[in-house]
């Protein structure tokens, strides 16, 4: 409750109440104004009420009114007890009136340090009085630039500043010290005394009160809840991402259902089922490529927040995983429901749905891992498409396992498409009593397919006499198990393939976590 009160108070302090419900926006989405965006970035850094705030040109790129409002906000922050230091180029007269102290620099040398009110007196004594109607800072900057171009440079002004500072210090030795006379170290001590900040542990002494300060402000479950809510909010703001993905899956399922409509159990039907399964399994992986830009868009936000221990990396990975599951369940069910009955599959809808979900899960995890390793979207898409093509090539559809050269067999077992493909084949052709080739159908995929049926029957009788067995037009010559043996799908059961596919998903989530630990560290730390 205190944190929520702090957030609302800071929104008022920054003058952002009217924009509180407005999206920040980017190049493609209109959001807050430039001045409001600048104030939001300031608010992110002062939400924890720091002792010292350093800003590099907070007014650059803003119009005079927005720049004044930003500096006015910074003045209120300073008045609350913080120390605000900022660099600024050519401040307006109004901004000048808000500053307590100013330092003019010229090539690394201090040419003036003091109150803006003392500028006229300083340059009077230097021999260059400021005209009555001229902006003080513009006059000072013009004079400094003019001196920099002279043979002696600003050396005379630097020396005069040192002399002037010594004279002022000797004059104020017995004067009453005010806040503007404090050194930076004294000002920080004063801020701490007002309860501005509790510093973290500096030693390993367990009895020290500072050693009790936790590394993270919230428990892991709370971080996961907040991050999940943020992820859901971002998804709701961009429904087109999920809509396009769902549309691609549904359209692909519809096309497959209409092309492979009600396949029979003939030899040609068997070959068509194999083609359907290979394309369906690869589709589940290719449609997961939209997960690539999700983390890439949040990468710099993630780096900034985790650099200051705003939350654990494990909480981010878990929340990222949980929020992706409902979409995967929907896509899996939609694709399964469209294709299962339309194609005329026999393996059982529930297992077919589970295998589709496991495939979406493994594909999504794989692409998420790549997003943590590859820093650019276009490079990531290129790598994803290439690797998924290799997975399909070594899945066992184009060339069976027993025909793959020994030096490439390792890639066959690394292929993510292999296990879903073999699982649905086991489910479809695993029934040992179902027949797929009867009698004369044995000639369907041979040059003898054009021979008259009567001739085929006589060929069968001759073949039977040769083998000492009776073969008729109704004799089953090929069962589902024979097809699995022909396709070299006989090492793993369908449930083993399912669990291996699920395990691949968890494995890539762990790799994603380690990629965040190693590759997404803030370089300033």
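Keep in mind that glycine also has a Cβ here, set from the backbone N, Cα and C atoms.
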Choose the correct range: of 187-208, 209-230, 275-296, which one does TrEMBL annotate as transmembrane segment? Give that range.
275-296
Pick from 129-150, 151-172, 349-370: which range has transmembrane segment per TrEMBL?
349-370
Would you mind telling me which of 377-399, 400-422, 423-445, 446-468 TrEMBL tags as transmembrane segment?
377-399
Along the domain 'ABC transporter family G' (89-147), what average pLDDT does this model show?
86
For the transmembrane segment (275-296), distant same-chain residues with Cβ under 8 A (at least six beyond the ends):
241, 244-245, 248-249, 252, 256, 260, 263, 302, 320, 324, 331-332, 335, 339, 343, 356, 359-360, 362-364, 366-368, 370-372, 374-377, 380-381, 384-385, 388, 391-392, 395, 397, 416-417, 420-421, 424-425, 428
Under a criterion of three or more Cβ pairs within a distance under 8 Å and sequence separation of at least 6, are the transmembrane segment (349-370) and the transmembrane segment (498-519) in contact?
yes
Using a Cβ cut-off under 8 Å, which residues of the same chain at least 6 positions beyond either end of the transmembrane segment (242-263) come close to it?
235, 269, 272-273, 275-276, 279-280, 283, 287, 290, 327, 330-331, 334-335, 338-339, 342-344
Who are the chain neighbours of the transmembrane segment (498-519) in space, where the CB to CB distance is under 8 Å and they lie at least 6 residues beyond its ends?
302, 306, 313-314, 316-317, 321, 351, 354-355, 358-359, 361-362, 364-366, 368-369, 371-373, 416, 419-420, 423, 492
